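So the structure is just underneath, and the comments pick up after that.
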Amino acid sequence: MRWRTIQARYCFLLVPCVLTALEAVPIDVDKTKVHNVEPVESARIEPPDTGLYYDEYLKQVIEVLETDPHFREKLQKADIEEIRSGRLSQELDLVSHKVRTRLDELKRQEVGRLRMLIKAKLDALQDTGMNHHLLLKQFEHLNHQNPDTFESKDLDMLIKAATADLEQYDRTRHEEFKKYEMMKEHERREYLKTLSEEKRKEEEAKFAEMKRKHEDHPKVNHPGSKDQLKEVWEETDGLDPNDFDPKTFFKLHDVNNDGFLDEQELEALFTKELDKVYNPQNAEDDMIEMEEERLRMREHVMNEIDNNKDRLVTLEEFLRATEKKEFLEPDSWETLDQQQLFTEEELKEYESIIAIQESELKKKADELQKQKEELQRQHDHLEAQKQEYQQAVQQLEQKKFQQGIAPSGPAGELKFEPHT
């Protein structure tokens, strides 16, 4: 089984959290002539980074499990609920000894890695009185009570931890984007306060003009609508719009031939629409906003099409969606520039948080400055004492010389001048 087939079943585990734009893969036009496209084995595709701090461990466990024929067969037949509930994890008891041995080794390596992280954290905090075993409990993707062998409970915990973490990922991205937009507006207003009235009016006019230029773009098709998909068919795939066929379209954009449109493949379909609104060469277009728009489009299409909420679109789900009225006559799509991303109350609350953080940073900076000044004072005092000591030694040597006493060395020994 290829990795992407495994990824399809573990979609909620390994769905890629892509932050950068994904271009649609160019398609050979002749491929559309074959409507019953057979899946073909292609070169191994590296699994995407999930963004989880245990990403490498997760991928290695999946790679080892896919080498066991029994587990692979069970995985192919399992539905998402069976995987999520932990019933599939019980099949681990039936895998080969070789696979179990490799899983045991992976777990020991992961436990060792986590212990090194904990030690580094404790060393940084200079706190050696904490219990390492208790600290291991904060890592919920493995059974810390048994650090030596990989059991069904480990697989169950790994699945549940990754599921929860990835489901939270999109929500976190939306929250971070909102904070980003509020920070931009906060900094803009703070900058205006530093300007004269004339300069402020010029900046306000410049801002309004950039906003107008950004909003002046071609109509954006409703994501997942017939018009949107036909535009991809014609302009990206280079095909005749009159020959548009949903089934062929699905197979063309199922890039890895695994029978699903995953989140990467879906997001690639929106590049043409996003190009209408965002251009990296234009000062008025923000590429971070473009990625938020891409995320919103993907989430919308998934909510409309993905009936079993497994974060994958099957051919059946895709074709069923093309039969709906909304596919032919969708509502207009509102881009980010047509929406209020935050209220004045939310901005004021965010600014109050920033003010508190800045106050704390200023307090720390003042404390560091005082420490620096105290260290400098101590340094100057030591330098002054050093100079006084050197002067005293010189005066003593000079006095001894005047009295005809041989000068002494650093350890007090007598120094005799050679006779000439």
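Here the Cβ of each residue, glycine as well, is placed from N, Cα and C on the backbone.
Ca(2+) 2 binding, as stated in Swiss-Prot, involves Asp306, Asn308, Asp310; the candidate among Glu293, Glu317, Glu323 given for that site is Glu317. Swiss-Prot lists Asp254, Asn256, Asp258 as Ca(2+) 1-binding residues, and of the candidates Glu265, Glu267 the one it assigns to that same site is Glu265. When Ser42, Ser332, Ser359 are compared with the annotations in Swiss-Prot, the one labelled phosphoserine turns out to be Ser332. Swiss-Prot assigns the feature motif 'GBA' to residues 304-334, out of the candidate ranges 87-117, 118-148, 304-334. Each of Ile305, Asn307, Lys309, Arg311, Leu312, Val313, Thr314 belongs to the same chain as Asp306, Asn308, Asp310, Glu317, is absent from that list, and has a C-beta within 8 angstroms of the C-beta centroid marking the Ca(2+) 2 site. Counting residue by residue with DSSP, the domain 'EF-hand 1' (241-276) contains 23 helix, 2 strand, 11 coil. If you draw a 10 Å sphere around the CB of Asn308 (Ca(2+) 2 binding site), it holds 11 other CB atoms from the protein chains shown. Per-residue pLDDT, averaged over the domain 'EF-hand 2' (293-328), rounds to 91. For the binding-site residues listed here (Asp306, Asp310, Glu317), the lowest count of other CB atoms within 10 A around the CB belongs to Glu317.
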